[in-house]
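Below you'll find the structure, written out as structure tokens, and then a few comments.
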Amino acid sequence: MSLAKPGVSLVEHTERVLDYAHSYLDQNKIALKNTNLDPKQISEAILTACAFHDIGKGCVEFSFDKKGFSHSLASAQIAMASLKESPIKNYILQSILGHHGSRFKDSFSSLEFQRQQATPNLELVNEFKEIKDYAKGHFRIELPDLDLQIPSPRELLKRLCNFFFGAPRDRRLYFLIQGILNLADWSASAKKSLSSASIKLDSRPLRTFQAEASTGKDTIILAPTGRGKSLAALVWTKSTGREKSTLFLPTVTTVEAMYKRYTEEVSDKTGLVHGNIAYYLYSNEGYSEDTRDRIFWMKAFDNPINVATLDQLLLMSLNWGRWEPKIVNIVNSAVIFDEIHASQPYTFGILLESIKMLNAMGTPVCVMSATLPSYMIQKLKEVLDYPVIVRDYEGESLRRITISHLEDVDPVEETKRQHKKGKKAILCFNTVKKATEAFKTLSDKIPDKEIILYHGRFNLEDRERILSRITGDSPPRIIVATQTIEISLDISYDVLITEAAPIDSLTQRFGRVNREGTTPIGEVMIFPQNENSYSVYNKNLVAKSLGLLKAHQTPSGLELREMMEDLLSEIENIEEEISAGKASWQFVREMNFQIYSMSIDQRLADDLIRRIPYKTIEVIPAEFRNDNSGKMQKLGKLVKVPVRDVIGRLEKDDDGFIYAPIIYDPSFGYLGPKEDEGSIVEGF
């Protein structure tokens, strides 16, 4: 008897995989547009791939103990001999070949694989007949008899290379077969039940725009911060009829905050997807026996509700890693994008191509933002399916803040005054350096429990601690921060004292004061831009922004949007950057012949999807090199630093962690490189 797993027969496992694949197909809402294949042909191709995927384990050479024999290669050889010729056959063969490992262009190219011998066991024909009868009886598909006059590995690989390298092929068809085969195989091996959950909606009355979000089709929702876009998105999701939902957000911080909120308020079956899932679960929920399995399925986007960083989709659309099963789950869900206004035009170009991909699969898409510029709305209309625009006109008319301008006033001294008055205040700078200097001055006068520093150069464990304080029941009265304060932090302070910046960034900062108010009692004080932030924000854009704001002391949300539109004419190269992003996306796709996976180190992935003025790298301070910490503790010590600070001074340990001689403080974050052993940065 051939075995698929120790103690599990090949027949039993294959029948179980067929059952799971059929269940996935029953739940499937995917609709391939512009294809000559009907759904029945595609379903039969998927089930056929499942029937053959492990048949190579019925070869004499296969062993659970002995490595070096590829059962997926042998399975594809047997399928090549057995399947009739058809337009879909090569997609089935490629999916079988790649179901258990890498799917790169040069996979199986070594002489070791090309010389592999595969000798089917005598009982394999009868075992496959059982599988064939099961498929016919349960799913009404007619599988061929097994033909054991199998071609050589070289013949199989030559056939597939000629087909996929020779002309553009149907990427959608390939990832459907490959992705559902993977999901069914993994589920059968884990004896996992298919996940489902109903979306719980808040019982309170809906605002007008929230009710209008029930469109059942592609939608763009425009509403100011604090007005309930997240609830509107849930209303929209229910209206689509999809059983799965996937929400993409711009940063790890926003994703983790939304994951926590969804888990508590919507469904405890919510999944979290970003580059450091393991550490987040470890530090917030503990690491139990089932954590590894939870992470595996979260990474596959297999939960009923998934909250992920936008990078995950952009990289998957470029075939990064094991992308096929993830894409299957995503395109089978209702997809929501929040805060995409934060994307660079170059990244937005890649996003447009990714949305076009979703549209080609019939996936409903919702885009939400408080500050979505008109050029983005227009570009989105071109790739979405006649989207409905839902606007919160009531929210846009509200005046929540009163703006004043500090010309000759030290913002640090003004923050001290606000603290003495008993106000909760945010002091925001455009650079980490200035924020750190201000925090040092203020922390000498204000008790530690009443003040905190928040920027992007803290390690993972300190970032978790800081965010817990900021969003907890007893938040600090003073937050000193950088632009990190702008995106999706659900906080509301009395006063914002902020460095001048472009109007779109300032609008996001305004959303952190008087967040749910209906009168302009939120105080905003803007102080002049520091010269050291000219490389961050163009000083001419900042100057024009200030000129616009000086004419509006208590601006409404609509007036802020109109000011942002006025500023767009000053921004150069938007169209060129969007086109460059699209071109890069197409180049990478073509380089991988549409279907093959891309292999790139996580540390370099950022370079593919955004323009980065200076490179960063995640490192651990060198003093932790020999402290015998576990992997989770090491993950918590990772901090992003400029490559220029540590180039030529990096060391890697056996776990792949990189160490560098840097100065780091839990309250201040990264302070710079160590010039030599024992040196410090002046003033800290």
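Note that Cβ sites are derived from N, Cα and C of the backbone, with glycine treated the same way.
Computed from a predicted structure; not experimentally measured.
Per TrEMBL, the listed range annotated as coiled coil is 557-584 (candidates: 137-164, 221-248, 557-584). Residues 224, 344-353, 370-371, 373-375, 379, 395-398, 502-504, 507, 510, 540-541, 544-545, 548-549, 608, 611 of the same chain sit 6 or more residues outside the coiled coil (557-584) yet have a Cβ under 8 Å from a Cβ within it.
If you average pLDDT over the coiled coil (557-584) in this model, you get 91.
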